[in-house]
Amino acid sequence: MTTMVNVDTLPEYEKSQIKRALELGTVMTVFNARKSTPERRTVQMIMETRQVAWSKTADKIEGFLDIMEIKEIRPGKNSKDFERAKAVRHKAECCFTILYGTQFVLSTLSLATDSKEDAVKWLSGLKILHQEAMSASTPTMIESWLRKQIYSVDQTRRNSISLRELKTILPLVNFKVSGIKFLKDKLVEIGAQKDELSFEQFHLFYKKLMFDQQKSILDEFKKDSSVFILGNTDRPDASAVYLQDFQRFLLHEQQELWAQDLNKVRERMTKFIDDTMRETAEPFLFVDEFLTYLFSRENSIWDEKYDAVDMQDMNNPLSHYWISSSHNTYLTGDQLRSESSTEAYIRCLRAGCRCIELDCWDGPDGKPIIYHGWTRTTKIKFDDVVQAIRDHAFVTSSFPVILSIEEHCSVEQQRHMAKVFKEVLGDMLLTKPTEASADQLPSPSQLREKIIIKHKKLGPKGDVDVNVEDKKDEHKPQGELYMWDSIDQKWTRHYCAIADAKLSFGDDIEQAVEEEPVQDTPPTELHFGEKWFHKKVESRTSAEKLLQEYCAETGAKDGTFLVRESETFPNDYTLSFWRSGRVQHCRIRSTMENGVMKYYLTDNLTFNSIYALIQHYREAHLRCAEFELRLTDPVPNPNPHESKPWYYDSLSRGEAEDMLMRIPRDGAFLIRKREGTNSYAITFRARGKVKHCRINRDGRHFVLGTSAYFESLVELVSYYEKHALYRKMRLRYPVTPELLERYNMERDINSLYDVSRMYVDPSEINPSMPQRTVKALYDYKAKRSDELTFCRGALIHNVSKEPGGWWKGDYGTRIQQYFPSNYVEDISAGDAEEMEKQIIEDNPLGSLCKGILDLNTYNVVKAPQGKNQKAFVFILEPKKQGDPPVEFATDRVEELFEWFQSIREITWKMDTKENNMKYWERNQSIAIELSDLVVYCKPTSKTKDHLENPDFREIRSFVETKADSIVRQKPVDLLRYNQKGLTRVYPKGQRVDSSNYDPFRLWLCGSQMVALNFQTPDKYMQMNHALFSLNGRTGYVLQPESMRSEKYDPMPLESQRKILMTLTVKVLGARHLPKLGRSIACPFVEVEICGAEYDSNKFKTTVVNDNGLSPVWAPTQEKVTFEIYDPNLAFLRFVVYEEDMFSDPNFLAHATYPIKGIKSGFRSVPLKNGYSEDIELASLLVFCEMRPVLESEEELYSSCRQLRRRQEELNNQLFLYDTHQNLRGANRDALVKEFNVNENQLQLYQEKCNRRLREKRVSNSRFYS
């Protein structure tokens, strides 16, 4: 196998030679997971974009990967790609695999060079380039990103971009162009003389665009309190920030102690500028460069000192640490049918996870397998997993790894497990205590590079103390069944499970259903689906008008064309195209040769189809006496939808609703022309409700919402058949007369009316929402007489959602007054979510459940002859007359028997609990060889709930529900236990979608191993990633010393809590936000303090419309001050959402940090995706200030808290008086008087708090004398 070269010791000239060789490229064999045959390709490094590309020919790149996304470069034949292709003839020393991506499941590029020397060169070069990319300055990253944009429109890697291409690119990077005039004006401003920009001009255009959009942020540095005063900010180079000013900024605003050294400040500026012409003793930043610095990762909010390992903190017993832990580590997705993979173990270990789970079952040939038992998840070999653990356990962290074994194997296969552990892991395996006489667990330092086995252990007399993790309902029938779909008249496969006399089923498994083979399209009809084919156009003039309008909008490119049926010659066609500023036409003639229709423009070159003719002239020139021309851009047919079955030209809204109400299936849809307007509406069914959405016309485009542009309605439908239109709903069932006849049923009136929202329209959302209640997230003081003043926690009733971000509501004595919508959260929405959680709480399919059948209301019968081409069928016949039967089928007769028997026992109301228990009873035998490997993590269950007298050699495992019960009832007992013993908590069985529970309360009580699903990109996994970003990402974080104090209470009474600090945050702007789907993002930011219940609080900004590239919230956005009780155990979380066309929030990016790890000042917040992977150049700019609360100020904050609580009580009492006539009386006047007095007093207290914050800030902002 090829060994990695230590590139750190290579001289610079050798590094340059290696990089040059990679840039020139190497012919290699590429192994593709989707292809059984490897292919020869040229693989090369594109230095300008920092991408590895592979291509068959020089002018056509087949694929590429960003070098910053590389997670591992693995030498040898160590990927499945080599196995699939049976790469026998390629030597292992010439092979390597690049693993890359930003999701949990990584992509692979497996390569084989022709020589060992080439392989070494590539392994070394990739490592060098990856190191350089990860340490590149932000201006360098911006230049690379700009190159990618140019190359994305032209793979020839030219050094320029046209105005038309620029207009195409900007929406793709999340910026809405108001019109071609906007771009032309910008080009004039940067001095471009024509509609073609060089790369340097493109770079200037980008800088000018970003600066103009965000220069208002710099007003923050024109205030008297600023540590330096900026000059003119009208233009990017209108003024500058000089060395001494920058030092003042770093020292006083950013509180960077290293900035006391002027040389370090000079070095920071010089490296950031990266301009040899400005490498002087007195460097400066132009104002646009200063603004870019504020957004850059060089100015990150994260304190980089926590990237280093604190070795002094690694000498405590293991029980004093939080330990990064994974649940069902082998899974790459959900718990029912996802893939099990050794790569999942590698991904978790290299992410710093230190406790992983092995779910072991008897396998073939006497060797165990790992998978999620009793489900359809795939199986992997135990031996392969142990080898992967050996190779990757200590790559990221050298501290111990705990293997949590869930044992289902026979004794014989357990012996094999013990043998493999010892042979493969060798000296890594911990087989005896570090200290024989110790009375506590060893420290992480004592256990470096050791692997610990957590497994059941035989006692001194051979007895077993077991801990069987909760696997509720795992032995009841569950698996895939076919269900008969009466709409599509076909069998669809669903995952089903029985629990509590109910059969639950998930959504249909579309990829598993056999599809009818696609019929080959006859050559003569190939052009029908092409957008350049316009069928019969009214006249020659109409065709010319279409071309003229298209060319006026797109830049009049020669060769722009369309094809139409000939007006005068049957079977012939007309090619209309744009050349030299006018439209020209050519007749496409047809002739019959040997019974086959041929088409031609010139007599000497005929084609079998119109499609073949057009494809030829798009690649080769059309030559005639006057000109040579190649067909370029097709003019799309504006009306291809008219022939589609889902389109209705004259259908009213009421008629559309009536049709949709008869199809009780999410994804049913139609599109109709709206009466009296040049717009359309899509009517669809989602979540059981009928909804509408308007589609407007903008020139030749169809626009859904404000920025989702489509060339045609056909393209719109095709897109949303593959992507979610509303929440998770895709278009699936075109509503046609045939479908209505097939599914002939009564109208479902309930589907039309929805208590939460009846009509979904991006432009016309019903503003009247009576009786809605919202909760204030923060204090707000009215700025006008028609606005509400309220305190955090206040309930505002009878809310009416007005447009523009201002809503109306009732609070106290003030009726229907305005307040900002981003200061509140909708309680009713939260209640609906909580209700949904309650419904799925005990469902065996959890949130994946799409339907439930109560088996007590059915009789089950077999279909002896089968049905609908399935041999093994059973039918649930309803006991209630009139209800339709439900038909199921299996693949095997054994499955049919098992399901039929289980359902029959329920429907006959037989008590089979005792029989089932006997049938599924487990043999708890343990192999001595495996038992002997258990040293410290011996599970116990006999006295698991008794937390007294912990044994440090034992570990107690709790399902999340049991752990939550203990936390609520005896949090202090659990904390005391965890100071000496270990606990592991894992998700409940109902989380089949692999969702995660909130780990915080368990961390608060000292639980070390709070196991989460690493493959799930949710909030709690992101918090987990944030916690373990401390201490150099070792996977071990020392719990605060205060938690080991005898006086520490993880859940103190309110009277015992003290505010220790305040955190003030202001969101100023963002850059390079990611883009979802076709629409340009309309972003807003949610800022949240995550911690104990008494610390949790959040705030939302307003929505910025149609700008995800450079949105700004300053200067209108106000500062928000959070009160923090325990800064050591709280997180600051930023989440960026986009508001979609239905006013629903969609996750875009996040950044989550432990509060102890953030820095003050004007800070960049680098954004991450759901999996906490960096997003290129994406960042927020925020102002952040932390201030400890002095003991003398605690009384003031305590008074504020008490008044807020009292105001909430008074407001609720007043609401009751005003909504219940029988309660009206004299008491109301007293309540009103007290409410008003308290409100004034609260405002005074709040002003006093704010004044102290301002005074503190001014004292920190003095100039150097």
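Using the three backbone atoms N, Cα and C, a Cβ is placed for every residue, glycine included.
Screening Y818, Y1036, Y1245 against Swiss-Prot annotations picks out Y1245 (annotated as phosphotyrosine). Cross-referencing Y345, Y977, Y1217 with Swiss-Prot, the residue annotated as phosphotyrosine turns out to be Y1217. When the residues Y371, Y573, Y753 are compared with Swiss-Prot, the one annotated as phosphotyrosine is Y753.
Residue counts for the domain 'SH2 2' (646-735) by DSSP state, with H, G and I taken as helix and E and B as strand, are 19 helix, 36 strand, 35 coil. The stretches the domain 'PI-PLC X-box' (312-456) and the domain 'PH' (1-131) meet in space: the count of Cβ pairs below 8 angstroms, excluding pairs fewer than 6 apart in sequence, reaches at least three. Mean per-residue pLDDT, taken over the domain 'PH' (1-131), amounts to 90. Residue counts for the domain 'PH' (1-131) under DSSP (helix as H, G, I; strand as E, B; rest coil) come to 44 helix, 46 strand, 41 coil.
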